[in-house]
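What Swiss-Prot says about this protein:
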BINDING   115, 119, 120, 121  (6S)-5,6,7,8-tetrahydrofolate binding site
MOD_RES   225  N6-(pyridoxal phosphate)lysine
SITE      224  site 'Plays an important role in substrate specificity'
């Protein structure tokens, strides 16, 4: 049965590709890679190992790997305007692990966004911070503006004196108030760590905010959301040499050995493409997000942060508690071929994670395959018909498939490729 089992897995992978190729992906944490990035992902690099830094390896056979990593660092330095870059983390959470091991130890206090306020699970007491045995305290959150309250948070920092102030959210609609809180950071002498996983591509495109120039010592991130590369991680710095050395030691030998060389190379290619196409891509993402949010709001959905224009990023949050709840809405839309996720909102208890009040929507992948303002309006109409008018999911799914058929080619990159085709080798 072994071959049949292998064929079964292959068939399921092909069906998975077909599902996304025929559907509209609005998950805020996903994207599709460019042809060149995907090409190096299946190169011989995927089979090889490298430990340590370029030209100081523990393995032979790394001559070309070193050249690739050198160039990747150069591209990241140019893109983010810093000499401190590390492309080795194998995911955003892996990068976060290295950061917390470098910046804080057991018993230290770290200020973080709350989970229901959009914070990432790695920054929760049951995530990496808890595993490091640090103490956490959450910033006061302004539900009207859907961001940290800078005045109250500054007072908290001065009173509690955390060793590290962590910013960054998985529902990241507006810039973190780094500049507004700079005086508090300086008064207590804390390190400022910015988790830019969701908005890294917007930052690369010169949009949203510039954390390294606004006071962040360290920026961590994954490289497959608004930054449209492989599932990998990166760390950027604007800090003292001692702290940067601690970060690099935490990466290796701290939280990884080999750093997935194919993904590192794909990251470098994506950085090169971002230097050429990133500004336009970031502009189009934000423009599309605003249009979709406005249309959903006009159609009767409770899209949050209406007074602030709904969003300044790729993401919007929608309170669907009166539409059946996050679980029902996400599952219903999946039946229609529209893929997004349920999400906690600031007033939700963490215990409601399986059926929260909200949904989270991201437009970076739809934008990546060429969708624009008119398609955003059409998507809003399809969502409205499914959730508010309760139309037949199969009917809507057929219309989704028809719409998506014209938007499969990856844009904002070198070359042309169907982003959803399954690559058969045998």
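Backbone N, Cα and C define each Cβ position, glycine as well.
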Between residue 121 ((6S)-5,6,7,8-tetrahydrofolate binding site) and residue 225 (N6-(pyridoxal phosphate)lysine), how many Å separate their Cα atoms?
17
Hey, how far is residue 120 ((6S)-5,6,7,8-tetrahydrofolate binding site) from residue 225 (N6-(pyridoxal phosphate)lysine), Cα to Cα, in Å?
14
In whole Å, how far does the CA atom of the residue listed as 'N6-(pyridoxal phosphate)lysine' lie from that of residue 119 ((6S)-5,6,7,8-tetrahydrofolate binding site)?
16
Highest Cβ count within 10 Å among the recorded positions 120, 225: which residue is it?
225
Among 115, 121, the most crowded of the binding-site residues [Cβ within 10 Å]:
115
